[in-house]
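Dumping the structure here so I can ask a few things about it.
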Amino acid sequence: MASQTPFLSISLALVAFLVFITVSADPDMLQDLCVADLSSGIKVNGFPCKDAANVTSLDFFSQGIANPGLTNNTFGALVTGANVMTIPGLNTLGVSLARIDYAPGGLNPPHTHPRATEVVYVLEGTLDVGFLTTANKLIAQSLKKGDVFAFPKGLVHFQKNNGRVPASVVAAFNSQLPGTQSLGATLFGSTPPVPDSILAQAFQTSPGTVKHIKTKFQPKK
């Protein structure tokens, strides 16, 4: 029995090591770069690589978030992305940015990013922000210029400018394309629509109220 102990210990150590390297497998890219070929018809998890001979510095460059975005919309806020769709060189790098501008009273309504954690840095103004845990606990904070706040991956969160002057942030994501699901637009503006009876029961209201809310999320004609 004693002679089996070293063998058992080695076996357990080997299994533990194999589990460790499997969990800790290097997720990084396997080449210097893989600039997204956004016009390719090939469907993969991400985007196929552009021919390296055709790669230029412009594939890694953008001025898209240099200036404030227009906030004259329903919510008084605008998100301008700097992700793989506008900077193809971000493909496989696992990072992206966005600029969010808020008019006084503007709201970035409750939404989630299914593929990324978000960290915001306040450029100007003040914001009231928060996220909700799966235990329905609200974690909220007031932010001012220079403050940083993190929103965990996948959790519902929001930002509201309760100030009298415009506000703006730069947001960083650990995904080349974090994705966004705005709760109101997702539930009440989907195509095809979620049945009124489902939403009425879920929100403990009447189908008539649901129909009225849906009109607020119809595409502007």
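Cβ from N, Cα, C; glycine included.
For reference, TrEMBL lists these features for the protein:
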BINDING   Asn108, His113, Glu118  oxalate binding site
BINDING   His111, His113, Glu118, His157  Mn(2+) binding site
DISULFID  Cys34-Cys49  disulfide bond
SIGNAL    1-25  signal peptide
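Map the listed features onto the structure and describe their local environment.
The C-beta environment of Glu118 (oxalate binding site), restricted to residues of the same chain at least 6 apart in sequence and closer than 8 Å, consists of Ala150, Phe151, His157, Ala171, Ala172, Phe173, Pro178.
Long-range Cβ neighbours of Cys34 (disulfide bond) (same chain, at least 6 residues apart, Cβ-Cβ under 8 Å): Phe47, Cys49, Lys50, Asn91, Thr92.
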Let me spell it out: for each of the binding-site residues (His111, His113), count the other Cβ atoms within 10 Å of that residue's Cβ, using every protein chain shown. Which one has the most?
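Counting every other Cβ within 10 Å of each candidate, the maximum falls on His113.
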Report the member of Cys49, Asn108 (the recorded positions) whose C-beta atom has the most other C-beta atoms within 10 angstroms.
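By the 10 Å Cβ neighbour count, Asn108 comes out on top.
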CB neighbours of His157 (Mn(2+) binding site) within 10 A?
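The answer is 22.
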